[in-house]
There are 2 protein chains.
Amino acid sequence: MKHMEPPSIRVSEIFGPTIQGEGVLIGLPTVFVRTGGCDYRCSWCDSLHAVDNRFRGDWQAMSVEQIWEQVSALSGGEPLTVSLSGGNPAIQPLGELIEFGHREGYRFALETQGSVARDWFSTLDTLVLSPKPPSSQMSTDWARFEACLAVAQGRPLTVLKLVVFDDEDYAYAKDAAARYPHLPVYLQPGNHTPPSPDRDDVIVDMTGVMRRMKWLIEKVTQDRWFDARVLPQLHMLLWGNTRGV
Amino acid sequence: MKHMEPPSIRVSEIFGPTIQGEGVLIGLPTVFVRTGGCDYRCSWCDSLHAVDNRFRGDWQAMSVEQIWEQVSALSGGEPLTVSLSGGNPAIQPLGELIEFGHREGYRFALETQGSVARDWFSTLDTLVLSPKPPSSQMSTDWARFEACLAVAQGRPLTVLKLVVFDDEDYAYAKDAAARYPHLPVYLQPGNHTPPSPDRDDVIVDMTGVMRRMKWLIEKVTQDRWFDARVLPQLHMLLWGNTRGV
Ligand code: SF4
Ligand code: SF4
């Protein structure tokens, strides 16, 4: 019998390299490790295949070595930034994976809503905290959110990413930014036509996406919120709702 | 008679705030000060109205105070990043404008091909050096380019921005990046349907733009060029070839 079980990480999908389509690392080549499971159920979640228990059967319990084999193969052994996403990747034991990858020269970015804090956040290269606005139907526990900032100890590049569907979301984003004035802010218009977990071919309402992007730019500039960045979901503009690209 | 004439800056247009659509500051609200005149004539120049002598009559010789009046009005007196573009803004005397704006808390980003070096480059907040690839029909004088880096003295955030139309441009981009391994690299697919200086309504070949963007992402990822960023011209996706947004 083994002395210690290797940590088992629930993985929904590993794919890439492709470019990061959102936020602070937009345009950067990356391999995604998407974990399965989330403590939230956002009304407009665009990753339901990594959230909904219906898809639990598609998730694989993997060891660090098994994950690394895939990341390494996809990147041809050439170090790059690995994007840890979900679901909520913070509910998985990812500390060892990060340590392992760092030894090989890889970098790690993680995106989470900020509901679960982990010691290993301090070992990340980039931490994207994306608290969910009212339109998600979730409510933010700011004490938990602050615990995420506390464990990160200011070591990774830490940024706020806020999805904005409407005026209420915009007010929430301004409030979140005001709470943490030292964090760079990335705003992203919401996608009203998110991918369906069952189908790969839901057509993105591109005109609607562009209209909301323009609306958000106008809000931000009229409001003179001059240190916020407004960015679209680039992968969605390029590939629509197709998964794995 | 005045003791000293105020520096006269040739301005093609001042507009904003809108978001920066390209490169390292993508998504950031900014006011553009586009100067008139360029020492290059790129085959695919997308700013001919600020380059071609035919449009010289549209350019205005302005003092620092006159420019600042407009920037200040557009930004409502709230400090933001001013984007100095052209034409080649390096052929204008912009040092005093930058000094003036800095005193008011504004920041300055300048984009130039790197053919003319100015002492005041060192006072910029962001310097985007965009040497022109073979498809432009221009040839790069690397000694002059390096003079730009030298005068900047490493003070502004300095990045390389490279437009890529084809394989030859891609090879040029790789070579440029290899020359300056310490500079972050931003790659941008070329626009085969640039705006016409005479007309505001040239339709952008959006499908073509997206196809070239995907082609470039594939090149970069297959090539394992994992620290290059690939970004589109966001303003073009949002507003097509309409000017002044
Ligand atoms: S936190 Fe993210 S993954 Fe979880 S339900 Fe919300 S959008 Fe989906
Ligand atoms: S350097 Fe820029 S502004 Fe000058 S001709 Fe080339 S593309 Fe146009």
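Cβ coordinates are placed from backbone N, Cα and C, and glycine is handled just like the others.
All TrEMBL annotations are machine predictions without curation.
Residues or ranges marked as substrate binding site in TrEMBL: A:Ile19, A:Gln20, A:Gly21, A:Arg34, A:Ser85. Residue environment of A:Gly21 (substrate binding site) contains 22 other Cβ atoms, counted within 10 Å of its Cβ in all protein chains.
For A:25-241, the entry in TrEMBL reads domain 'Radical SAM core'.
TrEMBL lists A:Cys38, A:Cys42, A:Cys45 with the feature [4Fe-4S] cluster binding site. For the recorded site, A:Cys42 ([4Fe-4S] cluster binding site), the DSSP three-state label reads coil. Every protein chain considered, the tally of other Cβ atoms within 10 Å of the Cβ of A:Cys42 ([4Fe-4S] cluster binding site) stands at 19.
Taking a C-beta cut-off of under 8 Å and a sequence gap of six or more, A:Trp44 (S-adenosyl-L-methionine binding site) has these contacts in its own chain: A:Ser135, A:Ser136, A:Phe165, A:Gly190, A:Asn191, A:His192, A:Pro194. Per TrEMBL, the feature S-adenosyl-L-methionine binding site maps to A:Trp44, A:Cys45, A:Asp46, A:Gly87, A:Ser130, A:Pro131, A:Lys132.
Look at TrEMBL and you will find A:Ser47 tagged as Mg(2+) binding site. The C-beta environment of A:Ser47 (Mg(2+) binding site), restricted to residues of the same chain at least 6 apart in sequence and closer than 8 Å, consists of A:Ser12, A:Arg34, A:Ser85, A:Gly86, A:Gly87.
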Tell me the Cβ neighbour count for A:Ile19 (substrate binding site), meaning other Cβ atoms within 10 Å of its Cβ, over all protein chains shown.
25
Could you work out which of the binding-site residues (A:Gln20, A:Ser85) has its C-beta surrounded by the smallest number of other C-beta atoms within 10 A?
A:Ser85
Within the set A:Gln20, A:Gly21, A:Trp44, A:Ser85, A:Pro131, which binding-site residues show a CB-to-ligand 1 distance under 6 A?
none
Between the Cα atoms of A:Cys45 ([4Fe-4S] cluster binding site) and A:Lys132 (S-adenosyl-L-methionine binding site), what distance do you get, rounded to the nearest Å?
10
Please work out the number of neighbouring Cβ atoms within 10 Å of the Cβ of A:Lys132 (S-adenosyl-L-methionine binding site), leaving out its own Cβ.
22
By the criterion CB under 8 A from chain B, which of the binding-site residues A:Ile19, A:Trp44, A:Cys45 would you report?
A:Ile19
The rounded CA-CA distance in Å from A:Cys38 ([4Fe-4S] cluster binding site) to A:Gly21 (substrate binding site) is 21
Residues near A:Pro131 (S-adenosyl-L-methionine binding site) by Cβ (under 8 Å) yet at least 6 apart in sequence within the same chain, in sequence order, are A:Gln113, A:Gly114, A:Thr140, A:Phe145, A:Leu160, A:Leu162, A:Ala176
